[in-house]
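Participant: Sequence annotations record features per position, and here TrEMBL assigns ATP binding site to G18, P19, S20, G21, S22, G23, K24, G25, T26. According to TrEMBL, the feature domain 'Cytidylate kinase' maps to 14-225.
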Amino acid sequence: MLLTTEKKSIIPVITLDGPSGSGKGTISYLLAQDLAWHFLDSGAIYRAAAWIALSTQTPFEEEKLLPLVADLDLNISVQTSDQPLRIFWQQQEITDSLRTEEIGQLASQLGAYPKVRQALLAYQRSFRRAPGLVADGRDMGSVVFPDAELKIFLEASLEERAKRRYLQLKAKGKHVSLNAVRAELEQRDRQDRQRPVAPLIAPKGAITIDTTYLSIQEVLQLIKSKLPQAQTKK
């Protein structure tokens, strides 16, 4: 049975927003695991929509994308391993296909369409289930869950974010240059910050954390220190 909007609003949400490479994905997942809460990777949803559009040769035009995003038919399972999410579409696993730079750029392009973002709101909000939700994205605290109990905005220098992404890609056997990764991140930042609808910003009331010189565990502990005592397991 679907929860009413009123009942869903009682379920606590922690949002983590920020640009690519700020660490929000890994930290959000670890925080959700630690709290035994549900986990939403909104970027994966946009990437999946972009991949499906590309695979089905759907033109990247707002009106033509709407039927697709209105019925994504994704099966998303949360893991407890090095790969937090596995994403399936029509019984086909597409997880690895979503992490390319091409799909990242297309996801940003898709996310610039106001009607597309609006169409995906209800789907993202459906992840809000008891006992709570940790939501990772770019407009989680500003648009999707403006009533979140705790809002975090993670940032880091462009150089550090490019280095992190470069090392991730190298670990996966991808042949890329650090300069190319830096240029792609810079372009993605520009797209996300300048789009007219739901731009990447620090949400009102958010705690901003610069992760440039912090480890994952240091950021995680810092966020946990901001939680109400009743919600920490340790």
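Keep in mind that glycine also has a Cβ here, set from the backbone N, Cα and C atoms.
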Participant: Can you give me the residues near the recorded ATP site, meaning same chain, not G18, P19, S20, G21, S22, G23, K24, G25, T26 themselves, Cβ no more than 8 Å from the center of the site's Cβ atoms?
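Facilitator: Counting only non-site residues, the set is I27, L154, A156, R161, T211.
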Participant: Cβ-Cβ under 8 Å from T26 (ATP binding site), same chain, 6 or more residues apart: which ones?
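Facilitator: Those within reach of T26 (ATP binding site), by Cβ under 8 Å and sequence separation of 6 or more, are I216.
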Participant: Tell me the coarse DSSP state (helix, strand, coil) of G18 (ATP binding site).
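Facilitator: Coil, per DSSP.
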Participant: Run through the Cβ atoms and count how many others sit within 10 Å of the one on G18 (ATP binding site).
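Facilitator: Summing over all protein chains shown, G18 (ATP binding site) has 27 other Cβ atoms within 10 Å.
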Participant: Which residues in the same chain, at least 6 apart in sequence, have a Cβ under 8 Å from the Cβ of S22 (ATP binding site)?
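Facilitator: The answer is L154, E155, A156, R161, T211.
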Participant: Taking the Cβ of S20 (ATP binding site) as the centre, count every other Cβ atom within 10 Å, in any protein chain shown.
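Facilitator: Excluding its own Cβ, S20 (ATP binding site) sees 22 Cβ atoms within 10 Å.
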Participant: Name the residues of the same chain, 6+ apart in sequence, whose Cβ is under 8 Å from the Cβ of K24 (ATP binding site)?
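Facilitator: Set apart from K24 (ATP binding site) by at least 6 residues yet with Cβ under 8 Å, we have L16, D17, G18, D136, G137, I152, L154.
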